[in-house]
Structure formats: structure tokens, C-alpha cells
Amino acid sequence: MQIIRTIKELENFVQNASGKIGFVPTMGALHDGHVSLIKKCVSENETSIVSTFVNPTQFLPGEDLDKYPRKEQSDIQICEQNGVSAIFIPDANELYFEDEPLIVAPKKLSTILEGKTRPGHFDGVLRVLNKLFRLTRANSVYMGKKDTQQLIIVQNMIKTFFLNIELVACDIVREPDGLALSSRNVYICDEDKCNALRLSRSLNKALNLIQNGEEDASEIKANMLEVLEPLKVDYVAVTDRNLNEISKVEKGNTIILVAAYVGKTRLIDNIWI
């Protein structure tokens, strides 16, 4: 496996790569959720690239950029163990320039849910991914459904800029108790763990209601909020696959999303119905 830190090295690697190129963009601190993406990427492509870059442009002032977990040696080891062809570990100065043209996320998609709480976040996400997609010349990109809004906005960018990329949406990986895996889970102390489980339990409550015939979105959200007490809830939403709020669940075209604070840590989760 090659360890790549500069754009020049990456360009040389890609130029000499054989077959289809699969790409897994991450911010490092790799966990089993990332590993599931990596394994799928490696199994479906002759060449696989993983990036581990804590992207400063997607963090808002006062967010956790400085304390976001960084585990470079562990990330390298995980990629090696799973057969990755190359890991790209750039510095911010390698990717960003002064006065460069910016990509702005579509207003409708980027100002709801996560975007309402984190204005400008998705602009930063698209800014770095547009660069990484072009640098890696990826045929397929693997991203998780945990960041559903990001997934949908990235698909929109791929379509808008006519990028010849297949975006592969991969299922959420959970701990045995149901907690969705996230690099930010390291912030959760033991006494807060039970409260963190309220997110997945609220989604399970919604799923059980739907399986028993409930279709009314308001009723589903009310039941979820009961499970989420006493957390500080950012949002509970029932939407279609384009993130439009809906009043009635339609199986095969519904996403239920939740965001809440556990202590000072903000967690997100969702299920696709």
C-alpha cells in the first residue's frame, strides 16, 4: 500500500493505476463503519484509494475542528489490513489556495436539517469532495447512509457537474446495542451512553409503528420525541428520498432522521423505510 501526502504523488499513482478506481473519502479516525465501506470498495475495484483528511472548510466556528480525533497510524494500519491500494493523507495547504472559485451547495437541500444548524457546512463538504473526486479520478465513490443529507447533496453535485462517478450508498454500521458508529462517539462518556442509545431506539420505535400500520408522520414524530426525552433534540424529520418533509409514510420512499445532543456531543442517525 502506498502512503501519499501530496497532489503530485497522487497524480502519479492514479496515472499508473490499473482497472476501475474506487474511492472512500473520510476524515480519518477510522472505525468499523469505515471498514465496511473500505471492504466493499476493495472488493469491487482493481484500485482502491482512501483519504483521511480532517477538512477545515466544513467546520463552523466553535465546532470541534481542533479536537476532532486524529489517528494516522491506526488509519494506515486499518487500510493496510484491508487491502487498500493507497491512502491519501494531505495537509490543508496541499488542497486549498487563496481566492479559489467556490462551490455552493444547493440552497434548498443545504439549509434544512443539518444545514439549518450548521450553515455553510455542506459548501465545505462539496468544496473538498469536488477536488478529491477529480484528483483520484474515481469511477466509484463509497459513502455511508449515516450522513444521508450529505449523500443526497453529493449525488446532486455529481449530476450537476456531469461527473462520471457511481455513488455507492452503504448501510449504517451499528454497535451491538444499536448505536450508530461515528468518530465522534469517543466524546461520549460512560454515563451518557444510555442517553446516546435514545436516538437508535427512537428510530426503532418509528419502525415498529410503521410495521404495525402507522403512516401518519406527526404521530411517528411524537412517539420518537417521547423516547428522546430528556435529550436536547435538534430535529426529528420524516421525509421522502429527496428530503422533502412528508405527512404520510410511503414505504420504499421514506427517510426518518434525528439529531440530538448527548451532553455536549451532537449525534445524528436515520433509517430508510
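Glycine residues also receive a Cβ, built from the backbone N, Cα and C atoms like all the rest.
Swiss-Prot lists His34 with the feature active site, proton donor, giving sequence analysis as the kind of evidence. Cβ neighbours within 10 Å of His34 (active site, proton donor), excluding its own Cβ and spanning all shown chains: 26.
What Swiss-Prot lists as ATP binding site is 27-34, 144-147, Val173, 181-184. Counting every protein chain shown, 19 other Cβ atoms lie within 10 Å of the Cβ of Ser183 (ATP binding site).
Around Gln58 (beta-alanine binding site), taking its Cβ as the centre, 21 other Cβ atoms fall within 10 Å, counting all chains. In the three-state DSSP assignment, the secondary structure recorded for Gln58 (beta-alanine binding site) is helix. Per Swiss-Prot, the feature beta-alanine binding site maps to Gln58.
As annotated by Swiss-Prot, (R)-pantoate binding site applies to Gln58, Gln150.
Within 10 Å of the C-beta atom of Lys145 (ATP binding site) sit 17 other C-beta atoms, taking all shown protein chains into account. In this structure the alpha carbons, written CA, of Ser183 (ATP binding site) and Gln58 (beta-alanine binding site) are 16 Å apart.
The local packing around Met27 (ATP binding site), expressed as other Cβ atoms within 10 Å of its Cβ over all shown chains, amounts to 18.
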